[in-house]
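Asker: Input: one structure, supplied below.
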Amino acid sequence: MALPHVGLYLSLFLYLVAGAVVFYWLEHEADEKIQSAKLEQIKHDYKMIDAALKEMAPQDAYNAHRERIFEQIAELSSLHESRPFNLVRGVPLDESLPPRWSRSSAFLYALSILTTTGYSYAVPVTPFGQFVAIVYGLFGIPLMVLAAVDIGRFLSHIVLELYAKYQAMLSSLSCRKKLTTSTVAIRAKKSWKGTCMEETDQANQSEDDEDSEKEKQPVAKRLPLSINAGILLVFCMMGGVTYIAAGGQATFLEAFFVTFNLVANLTMSEMPSDLNQLLTLIYIFVFVTFGVAVLSMCAELAALELKDIFLKIHYFGRKIKFKRRHKKEQIEIEVKELLKIIEEIRRRYPDKERITSLDILLYMKEASAERAVLTERRDTIAFMPQTMEILKFADEMDLEDRSASRLEEAPLIDKASNKSALDFYLFIH
């Protein structure tokens, strides 16, 4: 049901509005006092500059350039404050030096806490306001993350469904093209060879069955990385256009960079300073809130594709490692078999001082001949045991001793293992 999702978004919006109201109520009065003190300091500095100019310059030059000098000083103040400033007598404080804490700035500051984007235009200066900001973030950030993940999953579901329909449309078009080609070919065969109508119907029926089976196969819920990156770039391009329409004095590339920086790095440092326009607030609210959701959606969709790629890389490396380990184990087995052959030759021929490759070849021939005799069918010969250990007596040895003695007397390896061990021995020597 959509009711829990709507309730989550509505509660988040109410929490955002409540935070903006609380911050405005706590910081507006203190900010007015700070701006009033700053304005008095600026007036005092202007008077000092005016007195110094009056003493140094002649009266005619002072009267001629006084207004221009104060205009340039006002421009310096505007650059310092990052907003328009002009000191005129009789103009109220809110117009000469407007406070930083307005309703719009309080709303954006509360939004910056929830989205962890950072908003340096308005910052709490009172101790109680700073404490409220900490508590507000402790409860609001998890709520915002939950809402962003929920919106991201919803958007990813929509994108995957649209992509699945797009793939189904392409597959249906390709199937129709194949069906048309096959129908033309069947009709040509019928007119040329005079085949019957039943064969044509059977061919068409089999093709229809194959098409229906293809349509019944589920579409993979996965989005290519190129389309995923394209969605993010299109979203940033829309933000660039909105930024220019909201009054941002920038080119399209600069506006695109501002939106990309807002979505990817989650910062409001490049936002327009004029918050009186409605489009500016809409731009910041929409592309901050939905930027987090779109980023969550792209991360979720990319994780499915990257997981498959990482698994392929992981198992590819494991396969190489397995082959190396298998080769190492094979060498160890061949060395052990070769040592067993040498030990068997020494046991049979204790007088030999040196065992050569010829001795190993002779031993392998004897072992293969004995194996051939043992496996040969003797239909006309009565059964005769090859070893007396097959018979069980009451005073026979323990199981471990018997198996150990059997291993010492019986041939240790077969023909294939002897050959591999001999090849390794010849390779060493």
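Cβ coordinates come from backbone N, Cα and C, glycine included.
Remember, TrEMBL labels are computer predictions, not curated facts.
Quick paste from TrEMBL:
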type     : residues : note
DOMAIN   : 98-156   : domain 'Potassium channel'
TRANSMEM : 6-26     : transmembrane segment
TRANSMEM : 106-122  : transmembrane segment
TRANSMEM : 128-149  : transmembrane segment
TRANSMEM : 231-258  : transmembrane segment
TRANSMEM : 278-304  : transmembrane segment
Asker: Count, for each of 106-122, 128-149, 231-258, the Cβ pairs lying under 8 Å from the transmembrane segment (278-304), and report the range with the highest count.
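Answerer: So the stretch in question is 231-258.
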Asker: Please list the DSSP helix, strand and coil residue counts for the domain 'Potassium channel' (98-156).
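Answerer: Here the numbers are 43 helix, 0 strand, 16 coil.
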Asker: Looking only at residues six or more beyond either end of the transmembrane segment (6-26), which have a C-beta under 8 A from one in the stretch?
Answerer: 101-103, 106-107, 109-111, 113-114, 124, 126, 128-129, 132-133, 136, 139-140, 143-144, 146-147, 150
Asker: If you average the pLDDT over the domain 'Potassium channel' (98-156), what number do you get?
Answerer: 84
